[in-house]
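Features of the protein shown, as given by Swiss-Prot:
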type: TRANSMEM; residues: 3-23; note: transmembrane segment
type: TRANSMEM; residues: 51-71; note: transmembrane segment
type: TRANSMEM; residues: 76-96; note: transmembrane segment
type: TRANSMEM; residues: 113-133; note: transmembrane segment
type: TRANSMEM; residues: 152-172; note: transmembrane segment
type: TRANSMEM; residues: 181-201; note: transmembrane segment
type: TRANSMEM; residues: 223-243; note: transmembrane segment
type: TRANSMEM; residues: 250-270; note: transmembrane segment
type: TRANSMEM; residues: 275-295; note: transmembrane segment
type: TRANSMEM; residues: 329-349; note: transmembrane segment
């Protein structure tokens, strides 16, 4: 528990102290957000707001994670480091995307194929890595089984698992990216998801098969350290939300959204809760589904289901205030997280 508290506290402090000078530097070099012409007209006032604020989240999280290990005088684990590497790697892809947007003064950065290639390169390294490095109990950071609340079904071939993991990584990182359209929306939703993973990691530690071979135990390699990773990211996101709350003084950009999406899916794979992520990140799923429905409907029928996709912009065009949308969407995400935690606990109880 000391490591969890230390990670969150250090990350929060580092990110909070870093953000004001980062905002000033980004303003000075005119690293501001480019707004799409076809977006909601109210967003025109956000033109030039500093972006790439995800740098502070990433830096704070990394310092918080390794700082917590310094405080507790314990070495980082393979599972924790792999999730951090996925987090930083996808953040680098997002940074390139943001930098191109700023350099070329346009709302679109990396071409979709180039962004996908970057996600695949980082994702393949993570997916292969989690199938390696068994501990003395033969537990690896990840499992080639499918998982919902724990592993189930027969193991997949490693190559098939890599494809499955890539699908999860690309889908989740892009889902968080789509959600990052209103001040504070993606940050708040991610905070709620990270709280879930702090709880899951801590619970799996207490019910680990390493400590007691009981029917309801978990075969997760490094549950405590995964909770530390989640806590470090949680601290960074809370600090960022202070400056990202409406009206935002800084945006996380793709630097932050791709990184946080990668972190969430990395935690899902290593805690053996791959499919539960659909509930823990329920808001991200809803918003992504709205884009799929909108594009599919327009291509098939020539008609749009929503006034605009992603879903948050549909409600903007209906006249909802931005803060109203954000708070109501946070409530929806909170209900998803509560449902996921209930499922997680109820599955454990009967065993």
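Don't overthink the numbers, they just go from 1 along the chain as shown.
Placed from the backbone N, Cα and C atoms, the Cβ positions cover glycine too.
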Do the transmembrane segment (181-201) and the transmembrane segment (329-349) share at least 3 Cβ pairs under 8 Å, sequence separation 6 or more?
yes
What else in the chain is close to the transmembrane segment (275-295), if you only count residues 6 or more beyond its ends and a Cβ gap under 8 Å?
146-149, 168, 171-172, 174-176, 178-179, 189, 193, 196-197, 261, 264-265, 268, 304-306, 309-312, 314, 329, 332-333, 335-337, 339-340, 343-344
Please work out whether the transmembrane segment (76-96) lies in contact with the transmembrane segment (329-349), by counting C-beta pairs under 8 angstroms that are 6 or more apart in sequence and asking whether there are at least 3.
no
Can you work out which residues elsewhere in the same chain, 6+ from the ends of the transmembrane segment (329-349), have a Cβ less than 8 Å from its Cβ atoms?
149-150, 185, 188-189, 192-193, 195-196, 199-200, 203, 207, 216, 273, 276, 279-283, 286, 312
Sequence-remote contacts (6 or more beyond its ends) of the transmembrane segment (223-243), Cβ cut-off under 8 Å?
3-5, 7-16, 19-20, 23, 53, 56-62, 64-65, 68-69, 76-77, 79-80, 83-84, 87, 184, 187-188, 190-191, 194-195, 197-205, 208, 249-250, 252, 256, 260, 263, 267, 270-271
